[in-house]
Amino acid sequence: MDTFMNNTNTDDDRHRVVVLFGSQTGTAEETSLRLAMQCRGSAFRCHVSPLDAYDIKNLVNEKILIFVCATTGQGEPPDNMKRFWKFIMRKNLPSSSLDDVKFAVLGLGDSSYAKFNFIAKKLHRRLEMLGGRPLVEVGLADDQHEWGSDAVIDKWVTKLWGTLLRDFPTPAGKSSPLGNSLPPPGYHVATYKKENNQEIREQEFGTFDEKHPFEAKLIENRRVTSEGHFQDTRLISFDISSAQSDLVYQPGDVVMIKPQNLEENVKEFLEILSLDPDDLLTFDPIEDDDITMDLPRPVTLQRLASEYLDFMSVPRRSFFQLLSHLAKDENEREKLIEFGSPEGTDERYSYANRPRRTILEVLQDFHHTASVIPLNRILDVFPLIRPRAFSIASSPTRHKGELHILVAVVRYKTRLHKPRRGLCSTWLSRLREGETAKLWLRSGGIRFPWERPCVMIGPGTGIAPFRSAAHERHQVGESGDVIFFGCRNELGDFYFRDEWEEMKVRLHVAFSRDQEEKIYVQHKIAQCGSELWDLIDRRGAYIYVAGNSKNMPDQVKEAFLELLRNNGNMTPEQATDYVTKLQQSKRYQQETWS
Amino acid sequence: MDKFVSEKDNVLIVWQQKVDESVMKTSLNVIQTKVGNAGTVSVENAERLNLSGHHQSVFDVALFGLFSADEKYSDSVFTEAARILKPNGKIVVQPNVKDDSQTKNGSISQLKLCGFVNVVEESLKEPGSGDVTVIALVGNKPSYEVGSSTSLKISFGKSKPVNGNTSAKQVWSLSALDMDDDDVELIDDDELLQEQDLVKPDAESLKAPCGTGGPKPKKACKNCSCGLAEELEAGAKPKPKPVSSACGSCYLGDAFRCASCPYLGMPAFKPGEKVSLGPTQLRADA
């Protein structure tokens with residue numbers, strides 16, 4: 001009856017595929033966008049969205065659902081799928097809700113953590129329970145694989161399309177998502193030569209988030225490790241006084257910061273691509289799978305390169321694949337095809353991943369191809385810069401109008417001549433007084449109680465949230481807290497050594513390298529057995545662990561288990577049970593990062 | 001306002017502005033005593049009323065402004081009250097004493113518009129209120145259910161059977177209307193996991209396929225002239241060579257260099273650039 005409609009809109013006969021992701025570091029998002037790119041020009045019409053941005057009430061009416069989700073180090077769902085998680089686990093959802101839905105789940109995890117890919121595994125089981133029919137088995141990508149998560153992702157994606165194509169064969173005139181041809185571009189691009197009127201800067205107002213960040217002026221950028229110490233760690237203070245009513249934080253909260261590329265790298269990048277930094281561009285998505293862009297309209301290439309394109313990351317297989325289609329130089333094309341093919345994975349790993357080679361460095365090797373990348377492919381070829389999360393180190397009362405973060409500057413060597421640098425930490429370390437950073441808050445990290453003592457364990461930069469808590473709690477008259485800090489040397493990286501006395505906390509410090517044998521926070525915890533047992537059991541103390549070490553949280557937990565056995569006279573089972581209860585009642589909280 | 005409440009009543013009390021806890025307690029006690037053990041008293045904040053999910057037709061009386069008369073309620077709150085009151089149930093609203101009659105009339109029409117009938121003003125004589133005549137608006141829910149309908153007996157043949165999945169979808173959509181309801185019971189997601197879900201991949205499966213984990217075979221560059229290509233062809237193990245660059249690939253980036261190229265790790269060279277090697281790079285096959 002509506003045949004004339006179908007004739008006017010060729011998209012009506014495409015099968016809707018909804019890709020929903022829960023992303024922690026950006027891999028899930030990138031993988032989802034790649035799926036969308038494969039759909040371009042095919043019989044499938046792709047809609048991509050972060051899980052929490054999708055209108056959940058429509059889920060039961062979808063036909064094909066693809067979930068791509070990470071699992072955090074603690075086995076929790078990523079932040080942008082927490083609301084979804086709380087919904088899908090509701091007991092009252094009928095078991096036939098998803099009877100009409102076919103689904104597939106791809107998990108992104110790391111098998112060096114105990115709860116490897118737990119979110120994907122749980123989600124897959126839950127969707128089946130609600131009546132959904134799986135298209136393929138759950139995919140369990142693993143960062144620990146020699147070839148990284150791509151080893152599983154590539155195979156899983158191929159299998160998924162294979163299954164879907166059996167049900168929905170590609171009609172004439174459409175391309176296959178598995179075809180090895182260049183997909184149509186995702187954006188219309190218009191260019192202007194720069195005139196007197198600058199690009200339009202977006203207005204800031206209301207609450208601040210990724211699309212509307214607050215531009216905070218830097219007050220101070222102070223090195224807190226001694227001059228001779230190998231690690232450069234900075235305490236960076238931002239002025240947020242002009243937005244105080246909107247940027248309200250508590251100890252334990254996290255600030256998101258959007259880093260930028262270093263000036264010299266931007267210059268080199270634009271030179272290699274033969275682009276004029278002052279040219280103005282506008283991007284308009286062709287299919288409506290545009291989700292991440294908060295690009296100003298128009299935007300200069302200079303700004304696009306410094307604030308949006310992540311060309312200092314290690315390239316993925318799809319990057320080489322796309323470039324191989326664009327290459328004109330025969331030599332380069334041949335090599336790009338090799339790196340872009342599944343068979344060339346080993347070569348690509350040796351070339352790019354193992355030495356942590358950046359996209360910019362790859363472009364230097366493939367400069368003929370780099371110079372011919374068309375503008376409408378730029379957003380397909382280059383990933384976007386992701387915001388980074390930092391535990392807030394300041395107290396909203398003691399440091400009124402300010403927000404502090406503690407940043408260890410990442411720098412290391414691989415077999416490449418130039419040292420590798422962390423994008424965000426390096427950029428932050430170079431930020432000077434009066435310059436600005438784009439930031440917004442993300443709450444819901446760890447929470448501190450009233451009228452109960454806290455035991456806080458934060459080695460290295462893990463001390464950041466506890467400096468915030470200790471200052472704040474001292475300001476409001478809380479007392480009796482105990483802090484365990486760990487670092488290498490008393491004179492090298494003992495952060496905030498002059499501040500602890502003012503806050504009247506009992507501080508125990510483990511200096512790992514100031515003596516023959518290595519002493520860590522867990523050893524200090526063991527030494528304070530009876531004091532801690534009394535605090536936990538009799539005074540209902542809360543325990544907090546923060547830091548960036550992979551093993552530390554487990555070793556600290558082990559120290560507490562031992563303490564419960566020795567000082568609390570518990571059996572190993574009783575001790576484990578006790579800690580589980582503490583965790584359930586939020587009296588044992590962790591905030592870890594890598 | 002307790003005069004509107006009788007024994008065994010199920011009473012709903014809606015409040016808006018926070019008042020002193022002791023004031024709330026005293027007023028509540030009065031009502032509680034009046035309804036006795038057979039009745040119930042539910043206290044709800046106006047903003048939360050719509051989210052509380054009361055079943056329809058459960059309350060006998062709904063009291064508004066018991067703690068503080070200084071309040072104004074939205075239509076949606078009254079509509080919800082109409083839904084959860086029993087047919088013929090009573091609504092009592094104590095309007096702002098300082099209000100002039102116009103707003104009072106406004107309130108009367110507001111109640112009417114929200115589905116109440118017989119809305120009138122009644123004077124309250126409260127102890128301690130002195131000479132001030134306190135007025136309350138009193139109304140009733142109609143004796144039929146809000147939104148109820150009577151089916152007309154006209155048959156056009158058999159109606160379609162209701163699909164089980166359709167009703168499941170409706171439950172789902174209703175549940176999704178309130179995403180932030182923290183009171184909904186959740187399943188313990190840990191119990192979803194089965195034995196095999198706890199197994200982690202073994203070390204062997206994490207190795208690259210066909211990669212033995214040992215040193216990778218060396219590869220010669222495309223225009224190899226240093227002899228590596230011939231050596232590989234002959235099946236011999238490549239030996240370290242003294243530094244020489246006759247293949248013409250050295251100036252290109254690592255992507256195109258021999259596996260034994262001394263320039264590995266350095267950027268591609270630009271035309272005319274003078275290249276010098278450090279001591280570590282001169283050590284063959286470092």
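Just so you know, glycine gets a Cβ as well, placed from its N, Cα and C.
According to TrEMBL, the feature FMN binding site maps to A:23-28, A:70-73, A:108-117, A:Asp143. The DSSP secondary structure for A:Phe116 (FMN binding site) is coil. For A:Phe116 (FMN binding site), the same-chain residues 6+ apart in sequence whose C-beta sits under 8 angstroms from its C-beta are A:Thr71, A:Gly109, A:Asp110, A:Leu140, A:Asp142.
Around the Cβ of A:Ser425 (FAD binding site), 20 further Cβ atoms fall within 10 Å across all displayed protein chains. Annotation source TrEMBL lists FAD binding site at A:Arg356, A:Arg388, A:Ala389, A:Phe390, A:Ser391, A:Gly422, A:Leu423, A:Cys424, A:Ser425, A:Trp593.
The NADP(+) binding site annotation in TrEMBL covers A:Thr461, A:Ser512, A:Arg513, A:Lys518, A:Ile519, A:Tyr520, A:Val521, A:Gln522. The Cβ neighbour count for A:Arg513 (NADP(+) binding site), using a 10 Å radius and every protein chain shown, is 13.
Break the domain 'Flavodoxin-like' (A:17-161) down by DSSP state and the numbers are 56 helix, 35 strand, 54 coil. Annotation comment: TrEMBL describes A:17-161 as domain 'Flavodoxin-like'.
According to TrEMBL, the feature domain 'FAD-binding FR-type' maps to A:211-449.
Other C-beta atoms found within 10 angstroms of the C-beta of A:Leu423 (FAD binding site) number 21, with every protein chain shown included. If you measure from the Cα atom of A:Leu423 (FAD binding site) to that of A:Ser512 (NADP(+) binding site), you get 28 Å. Figure note: comparing Cβ neighbours within 10 Å for the binding-site residues A:Ser391, A:Ser512, the maximum is reached by A:Ser391. Checking the binding-site residues A:Gly73, A:Tyr113, A:Phe116 against chain B with a Cβ-Cβ cut-off under 8 Å leaves A:Phe116. Taking Cα separation as the measure, A:Tyr113 (FMN binding site) is nearest to A:Gln522 of the binding-site residues A:Ser391, A:Ser425, A:Ser512, A:Ile519, A:Gln522.
Figure note: comparing Cβ neighbours within 10 Å for the binding-site residues A:Arg356, A:Lys518, the maximum is reached by A:Arg356. Distance noted between the C-alpha atoms of A:Gln522 (NADP(+) binding site) and A:Gly73 (FMN binding site) is 20 Å.
Its own atom aside, the Cβ of A:Tyr520 (NADP(+) binding site) has 19 Cβ atoms within 10 angstroms in the protein chains shown. Within 10 Å (C-alpha to C-alpha) of A:Ser391 (FAD binding site) lie the following binding-site residues from A:Ser23, A:Gly73, A:Thr461, A:Lys518, A:Ile519: A:Thr461.
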